[in-house]
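*Asks:* What TrEMBL records for 323-430 is domain 'FAD-binding FR-type'. The transmembrane segment annotation in TrEMBL covers 14-33, 63-83, 116-138, 169-189, 210-232, 252-272, 279-297, 303-319, 551-573, 593-614.
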Amino acid sequence: MGLGEMNKEVIEKVIKFVTMVILMGTIVIWIMMPTSTYKEIWLTPMRAKLGKSIYYGKPGVNLLVYMFPMILLAFLGCIYLHLKKQTTVNQFNSGVEKKRAKFGALRRPMLVKGPLGIVTVTEVMFLTMFMALLLWSLTNYIYRTFVTITSESAATDGNSLWQARLDLIAVRLGIVGNICLAFLFYPVARGSSLLAAVGLTSESSIKYHIWLGHLVMILFTSHGLCYFIYWISKNQLVSQMLEWDRTGVSNVAGEIALVAGLMMWVTTYSKIRRRFFEVFFYTHYLYIVFMLFFVFHVGISHALIPFPGFYIFLVDRFLRSLQSRNNVKLVSARVLPCDTVELNFSKNPMLIYSPTSTMFVNIPSISKLQWHPFTITSSSKLEPETLSVMIKSQGKWSSKLYDMLSSSYSDQINRLAVSVEGPYGPSSTNFLRHDSLVMVSGGSGITPFISIIRDLFYMSSTHKSKIPKMTLICAFKNSSDLSMLDLILPTSGLTTDISSFVDIQIKAFVTREEKSPVKESTHNRNIIKTLYFKPNVSDQPISPILGPNSWLCLATILSSSFMIFIVIIAIITRYHIYPIDQNSEKYTWAYKSLIYLLSISISVVTTSTAAMLWNKKRYYTKSDQSVDNFSPLIIESSPQQLLSQSTDIHYGERPNLNQLLVGLPGSSVGVLVCGPRKMRQEVAKICSFGSAENLQFESISFSW
């Protein structure tokens, strides 16, 4: 190991330590919030110093305590991931991944069925601690306020004892809901370093967003209902509901935010979400209304508690919108007989992504507003200039695409305008830590495994290192679906004979056909229609904009935008807000909140736009001639023969997963599953806590 790599490892360890200190400090603050120690010893001196500041005022305390640490964490996470990327050379030959297998028990499924889905031991531990924090905070808040309420003190405010207590319960429910809201946006920030630094992706974290969303709406709905009951008991329902206080809590804004939240909450119901996905998708844009009126409701001081996550999400969302404005080069499409299409895009060779990554695709000729996520089937190492996704015809949007490309007029389509977001995926993969790798798929669930297999093929052929024995267990409804197996190998990239050092076995199960059709399945599988397009000169190859290709760029955006925001707020507060607040006429909450929101928007837009323009200048070149000179590529014969010899097809039966998985040799067997919920649950049960010790489970699910 060179001196440079040793220095980078030292910096990585320092960043890890500093990040842990900041994270633990932030958690301690959350835990200490309801206690007198925090309020009297910590909060009082901070308010004394910052609360009277002519530059930041009372919001300065929450700006320092809540917003600054999380932005700093995101910044350090970007630096850590950049250094990790630089030092992870020949990672598959090191013993680091093998050591991680010792903690495999913490990733084993503990809960398989139920409302939470498949939950690992680690997730149960953190969920239990988080719920304990919420319950402790709520009970502590209520207990400390209840002891101060007497019949006499309640009467001074015109309340009975139960009314005063109900009022305080409603306030405390809102405060605890604010804690949950503080974490709500982190799981859906696709390019955030906070997820990648701990080995998570936005797809794998969607369930955390769902859990937090339910908690937020339960607490906020309870908060609103308590106040409705309180106002009814005092015969003030109409007057209180229509109140918009200039320098206090605005009830109207809170009601608007609650209605927007309830509309989003209702459409998350599984039957509505699955049958009317567009309704669910578009309704979720009400988060803008929810957050805007939430800030108007509580004021900017309390809004700064959940604002760090929302701020990071805004940066991520604006960068994604900038990327999605450009049309990308779609060079070819392969139409399979199983109502499936493979789209092949031109890619900048500098764009690197991990297996199982996803990409969002928009085709304006089908729908200008709809974006759909698809798993990438290509390998950025094996295919440096192309990126592929497989799309199964399963809904209205995908059916229109398949009908368009499979029709008799498809040969007349010279160009198809496409925009993309992503790719998004794990910062690194650790499949090589296993002795063998078993991939279980159902239907189109085979797509993430195609990228894994291609990536391992590249490693075996290029680095001549030992890769795990691979077993692909795939279940299909009809024999025509077997044509998906032809996508396992790319149309280019494999130039050597890999049969001598690749051990792969494919077990395919056709469940709805008792025997092979009259025509041989291999003949049907070869009926693949290929279309070649001629993109416009303005179409760009997919280039590295976000995520693992631009961690330093993201760190710069986060730090510079936050600094610009701080400077703007300081200037406006000192020379505009502060002079007015010194008069008897106080500056209104709504205007102050609006100024903060506009300042954040200006800082995010300016820094993100500058970074995007710099990236375009760096990566987009006019000398790309690959589109004009694109020609069909030939699949190497030896890999195809290897797959043909290694494929075992079973008709009229489903895979006996218990028989196929239990008893597999090796100290560490990685078991990956992607498919219907019942299949994932069955595999998770086999690999669950207390079962076969050598099975390491990982679910790859893209169903929302």
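Just so you know, the numbers here start at 1 and follow the chain as drawn.
Cβ atoms are placed via backbone N, Cα and C, with glycine included.
What's the neighbourhood like for these features in this structure?
*Replies:* Over the domain 'FAD-binding FR-type' (323-430) the predicted model carries a mean pLDDT of 85.
Remote same-chain partners of the transmembrane segment (279-297), defined as residues 6 or more beyond its termini with a Cβ less than 8 Å from a stretch Cβ, comprise 181, 249-251, 253-254, 256-257, 260-261, 263-264, 267-268, 272-273, 303, 310, 369-370, 589-590, 593, 596-597.
With a threshold of 8 Å between CB atoms, the same-chain residues lying at least 6 positions outside the transmembrane segment (303-319) that come near it are 59, 62-63, 66-67, 69-71, 74, 178-179, 181-186, 188-192, 194, 291, 294-295, 545-546, 554, 557-558, 561-562, 593, 596, 600-601, 604-605, 608, 611-612.
Packing against the transmembrane segment (593-614) from elsewhere in the chain are residues 59, 292, 295-296, 299-300, 303, 311, 314-315, 318-319, 322-323, 545, 553, 556-557, 560-562, 564-565, 568-569, 572, 577: each is 6 or more residues past its ends and has a CB under 8 Å from a CB in it.
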*Asks:* Let me spell it out: take the transmembrane segment (551-573), skip the flanking residues so only those 6+ beyond its ends count, and list any with a Cβ under 8 Å from a Cβ in it.
*Replies:* 54-57, 63, 68, 71, 74-75, 78-79, 81-82, 85, 191, 193, 311-312, 315, 319, 595-596, 599-600, 602-604, 606-608, 611, 614-615
*Asks:* Where DSSP helix means H, G or I and strand means E or B, what are the helix, strand and coil counts for the domain 'FAD-binding FR-type' (323-430)?
*Replies:* 16 helix, 39 strand, 53 coil
*Asks:* Counting Cβ pairs closer than 8 Å, which of 63-83, 116-138, 210-232, 252-272 has the most of them with the transmembrane segment (169-189)?
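*Replies:* Looking only at 63-83, 116-138, 210-232, 252-272, the most contacts with the transmembrane segment (169-189) come from 210-232.
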